[in-house]
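K.L.:
Before we start, here is the structure in question, set down as structure tokens.
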Amino acid sequence: MWLFVLALIYSIPSLILYFGTVFVIIKHWKTLKSSFFVWYLLDFSMNLLTTCVTFITLKLSSVTCQTCFLSPLYTWLSSNLISNFLYCMMYHLSYVQYAITTIISINRMTIIWNHYLFEPLWRNYSFVLIFVIYFLPFISTGQLFESDCTFGKQLDDTFVLSCSLPTSILFTPLIVFQIGCMVCSIICNATSLILVVRATKEIKAKMEINFLILIIVTTVVLFLGAAISFILSSYPTHPMYSFFHTYGLPLISDLFTIMHPWLLSKNISIVTYSV
């Protein structure tokens, strides 16, 4: 229960800040209009969906007992395809989050390298990448709709969502994808930092520390996500499996959600203040 309360303590102000940054971006769209903020808004929508899914499937279920007030909700969810959809989204949105984080890194690098060349390309063709990022993972996760997914009973009498499909079938391609995204993001972020370091002193003074912090935080979150996926895939019968599945996955999802508003809110406020 205390972990559930802790998650609420850091999630609520982070979501408020997230909504605040989105409001500022939309309000000052004529000034902030760029491909980067298009992806930021897409990232916001996907993270919001992820937050809702993880809250229902992992957080709330972990504090709902079989005789609690909300137990009929999970009994009802187990009786239809919604449980399949929720389980599918747990893996599907991991692909989406890693892909968007990587695309944002590529976008940042190319825009810093040559803004006039790449910005029009990003604006005109980002919708293609958006379509691919969201629908392509169904090649792996779509098979969950043909499986038997249900909210079962844990040892502590709470609910847990499980599926008849072996987790290794889901985790193996996900881990490979996560590692690929992590390597690509590190390379792109490091290249961006090098470009900033070589920029003028005025630009470097404003951006160097922010990029360094961004690289460190993004890399750590990507690594932790891949590490937990590897643990869950490699040790499905380990006593700690339930802990990592119940608490580790929601934490990584939360980190993906909260890191961007905290990292970028200062930069957005500086831009809008100067306007």
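In case you wondered, yes, glycine gets a Cβ from its N, Cα and C as well.
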K.L.:
Can you check which of 38-61, 86-109 TrEMBL lists as transmembrane segment?
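P.N.:
Among 38-61, 86-109, the range TrEMBL annotates as transmembrane segment is 38-61.
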K.L.:
Please identify the stretch among 38-61, 125-145, 175-197, 244-264 with the greatest number of Cβ pairs below 8 Å relative to the transmembrane segment (209-232).
P.N.:
175-197
K.L.:
Which one, 38-61, 175-197, 244-264, has the most C-beta pairs under 8 Å toward the transmembrane segment (6-26)?
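P.N.:
The stretch with the most contacts is 244-264.
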